[in-house]
Amino acid sequence: MGNSKLSKEEKEEIIKKTKYTPEDIEQLIKDFKVAAASDKKSGFSQEEFIKFFKVRFSNWDEASMVRMFTLFDSDGNGVIDVKEFITALYLMAKAPTLDKLGFFFDLFDSDKSGYLEREEVDKLVNIVVCCGKGLGYSINDAIDYAVSITSCRHIADYQKGMSREEFIKSASQSENFVKVICFYESPCMQLY
């Protein structure tokens, strides 16, 4: 559980950047130690991370979970430390909607081109449909919510695909899309 401590400065930095209280931070550190202890290695392995988040994102496929792990492993060392873990929980649960949508775009921009190409949009639509079904929306409604934000009218250069800015602008204007992916202030599922 090596990387399970934060310096006083790191705690203060996290408190400034998030809505977490000092008590929240302490509880998150305790929970991190428990969740990251299963393989006796330092930090949160990819397997532990996926196990932890798969419960909360049961409709997500393995490749998307691996991509999420990679995005949160900010130092690229293959292990999520406590600071990266707290950041992940904040982004998924308490961050402003625009930040969450930016993360969602990055999650599906698998080639890091800055654009969502057709295959990436298809994966995004599939996740939205699965999330929508899990929340009781009809398949048609969930498809409509996803397709409405990724339609050609929102894309300046159709050859390149949908840019990050275009995605965030379009998605943030669709209350239904935001609800389906659980990125509204009162989350539909507890991440933490």
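Each residue, glycine too, has its Cβ placed from N, Cα and C.
Not measured: the values here are computed from a predicted model.
Taken from Swiss-Prot, the feature Ca(2+) 1 binding site applies to Asp73, Asp75, Asn77, Glu84, supported by sequence analysis. Its own atom aside, the Cβ of Glu84 (Ca(2+) 1 binding site) has 22 Cβ atoms within 10 angstroms in the protein chains shown.
Annotation source Swiss-Prot lists Ca(2+) 2 binding site at Asp109, Asp111, Ser113, Tyr115, Glu120, citing sequence analysis. For Tyr115 (Ca(2+) 2 binding site), the count of additional Cβ atoms within 10 Å of its Cβ stands at 20 [all protein chains shown].
Residues 3-6, 10, 14, 17-20, 25, 28-29, 32, 35-36, 41-46, 49-50, 53-54, 103, 106-108, 110, 123, 126-127, 130, 187, 190-192 of the same chain sit 6 or more residues outside the domain 'EF-hand 1' (60-95) yet have a Cβ under 8 Å from a Cβ within it. Annotation comment: Swiss-Prot describes 60-95 as domain 'EF-hand 1', evidence class sequence analysis.
A mean pLDDT of 85 is what the model gives for the domain 'EF-hand 2' (96-131). The domain 'EF-hand 2' annotation in Swiss-Prot covers 96-131 and rests on sequence analysis.
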Pairwise Cα distance for Ser113 (Ca(2+) 2 binding site)/Asp73 (Ca(2+) 1 binding site) [Å, integer]: 19
Chain-mates of Asp109, Asp111, Ser113, Tyr115, Glu120 with C-beta within 8 Å of site centroid, Ca(2+) 2: Phe108, Ser110, Lys112, Gly114, Leu116, Glu117, Gly161
Cβ-centroid neighbourhood (8 Å) of the Ca(2+) 1 site, Asp73, Asp75, Asn77, Glu84 excluded: Gly43, Phe72, Ser74, Gly76, Gly78, Val79, Ile80, Asp81
